Amino acid sequence: WGAGYADIIKENKLFEQYYQELKIVPEGEWEQFMEAMREPLPATIRITGYKSHAKEILHCLKEKYFKEIQDLEVDGQKIEAPQPLSWYPDELAWHTNMSRKILRKSPLLEKFHQFLVSETESGNISRQEAVSMIPPLLLKIEPHHKILDMCAAPGSKTAQLIEMLHSDMDIPFPEGLVIANDVDNKRCYLLVHQAKRLNSPCIMVVNHDASNIPRLQIDCDGKKDILFYDRILCDVPCSGDGTMRKNIDVWKKWTTSNSLHLHGLQMRIAVRGVEQLAVGGRMVYSTCSLNPIEDEAVIASLLEKSEGALELADVASEVSGLKWMPGVTSWKLMTKTGEWYTNWSEVPQNRHTQIRPTMFPPTDPEKLKEMKLERCMRILPHHQNTGGFFVAVLVKKAPMPWNRCHPKVQYEWLNKTCKPAAEAEKTPAETADEAVEAAMKDKPKDLEASRESTVKQDGVCGPPPSKKMKLFGFKEDPFVFLSEDDPVFPPIQKFYNLAPNFPKLNVLTRTHEGKKRNLYMVSKELRNVLLNNSERMKVINTGVKVWSRNNDGEQFGCAFRLAQEGIYTLYPYINARIITVSVEDIKVLLTQENPFLSKLEAQSHAQAKQLGMGSIVLRYEPDPKNQDAPQCPIELCGWRGKTSIRAFVPKNERFHYLRMLGVEVFREKRQDDRSKAKAEGEEGGGAPDSMTMETEVDGEQSVAPPKADTEKLKQQSS
């Protein structure tokens with residue numbers, strides 16, 4: 001057991017033979033390319049741009065953590081000062097020359113590592129590979145866009161999409177939405193974890209096969225309409241040979257068969273994506289593979305099928321500072337046994353199932369020139385010390401050819417089930433939906449037969465055969481929207497003095513029966529999608545929690561306390577139960593267990609005394625005259641007890657706010673320190689998990705409170 005795993009030898013002769021022949025690496029750079037591929041991938045981080053705290057975190061990183069690590073030497077390697085990625089806006093993305101392994105293992109970097117872990121959990125930082133940040137940037141997202149992420153797990157790009165949607169923090173509910181999909185039920189929960197960190201009411205996670213993701217309906221001015229997306233991110237499954245620097249298994253497992261097997265799936269996903277894209281919309285197709293079979297071959301085939309409906313956008317100016325290679329216009333295929341094919345006519349009959357015509361470049365030089373494949377971008381590892389990546393931006397100019405005959409031919413087989421009078425009053429989409437439902441109820445077998453016969457007619461564009469939605473994985477609780485006159489609202493409305501424009505219809509719960517434990521909020525657009533497609537799609541998660549049931553609160557006038565996750569969404573509508581606090585007040589609240597009201601400064605103390613017991617909002621307003629204090633507003637949830645006050649803030653967020661206020665937060669890992677802290681804790685007032693905080697509050701050293709259990713909290717509150 002002590003020997004560990006044998007080192008993987010970073011060599012693959014087939015890989016070298018294949019890519020040298022394809023000439024995707026510029027002449028004279030092959031050795032540099034291979035050398036870079038064998039080096040560990042450097043750590044990169046991205047600061048969550050939409051949060052008002054971004055500038056504060058950036059200041060904290062530059063002035064404190066980066067300065068502390070830049071002169072260190074670890075395992076004989078000198079740590080260089082982290083540098084901003086030149087092509088990422090506002091210095092919000094940084095890279096270092098440290099690998100993830102060094103960052104995790106070195107005691108000298110422990111403080112910096114803890115900072116990264118804690119801020120990542122709070123959603124203020126994302127540890128994401130540099131090239132992975134490119135596709136969302138190229139989508140050019142605006143707050144009103146409806147966005148689909150087709151293969152979203154593990155969710156770092158999805159997080160970027162959400163950030164861009166919320167670029168204006170003053171708008172709690174942007175008009176747009178993000179639907180994040182993944183085929184793997186278990187990976188969907190990883191996606192939920194990533195998205196939840198950002199506390200957005202505009203994200204929905206669904207579980208479908210991307211190549212067959214259902215077309216959704218929405219209500220538009222009282223009529224049923226199809227939801228077309230303004231932006232689609234199509235980051236397809238791939239062989240991953242661009243990730244060899246971090247996934248060293250790929251060295252051993254790489255073969256040309258991987259690309260041949262995946263090409264068909266990548267084509268189907270891309271086709272499904274452009275079908276659901278709105279005219280004028282933009283789809284970004286990306287892979288972490290360098291292979292033209294997975295890259296240019298898919299794009300060329302898609303452009304050919306579109307008959308002019310799609311075009312490649314020239315996006316070089318949108319990522320200035322990024323070094324990339326233009327897409328290739330000629331490539332060959334190689335089997336794992338080393339046989340080469342330059343076009344479809346050379347492929348023997350017995351290979352026709354593995355090798356398809358769409359894998360080869362177009363044979364017509366004019367067509368090839370019109371495609372402008374050189375607008376595709378291939379990022380090579382040795383140019384800017386990154387992973388390998390491919391990205392192409394497609395713009396939709398017109399409906400796809402196979403969708404253009406909608407609705408005429410598709411509804412001929414439905415005429416018998418539609419009444420003429422009803423047809424005159426309704427849109428084609430409504431008529432078709434009602435006809436399908438009627439036909440399904442009466443004669444489902446006849447309908448299927450008629451559908452199949454329509455599809456089989458040569459040269460006729462008809463609907464595909466219907467597929468029943470397969471339900472697999474964990475069965476989710478329902479999403480139940482509350483009505484405006486729900487009895488849960490009057491006490492909440494009165495207690496928090498909610499604004500008259502508070503959108504009650506956007507509030508949902510996860511149970512049909514019994515007491516509602518938590519209340520969530522979604523945007524108006526997501527509500528529209530949920531209400532019209534509950535049978536069409538499997539929703540894993542949506543909504544941000546805004547209230548949690550607290551039965552003790554009932555005696556104070558409201559059974560629901562505010563939840564920290566949803567406070568930035570809810571705060572614009574709250575007009576009562578607000579205490580304005582200072583920097584010193586926040587330090588007291590976040591470092592002491594249950595401070596007495598008298599510990600607050602005079603103004604905050606006076607406001608707190610005027611409020612009855614129950615849930616409160618603690619609001620900090622920045623002072624432009626005091627540049628040393630945080631220059632962004634802070635809202636914390638709290639509880640006003642009989643004689644004390646408490647902040648209801650998760651541990652990682654506590655650490656985040658304390659860092660913003662200049663408090664040093666550090667967890668000692670050594671065993672003797674842990675025992676010492678435990679002993680101090682038994683004597684009273686010890687720090688949780690050996691977490692030390694170097695700050696003085698009211699003249700004495702303080703520590704963050706451990707998470708009190710509910711019973712203890714109830715006693716202290718009352």
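Placement of Cβ uses the backbone N, Cα and C atoms for every residue, glycine included.
Per TrEMBL, the stretch carrying the note region 'Disordered' among 424-462, 619-657 is 424-462.
Proximity of Cys288 (active site, nucleophile) to non-local residues of its own chain (separation of 6 or more, Cβ distance below 8 Å) is seen for Val131, Ser132, Cys238, Gly240, Gly242, Thr243, Gly387, Gly388, Phe389, Phe390, given in sequence order. For Asp209 (S-adenosyl-L-methionine binding site), the same-chain residues 6+ apart in sequence whose C-beta sits under 8 angstroms from its C-beta are Val183. The average pLDDT computed for the domain 'SAM-dependent MTase RsmB/NOP-type' (33-397) is 91.
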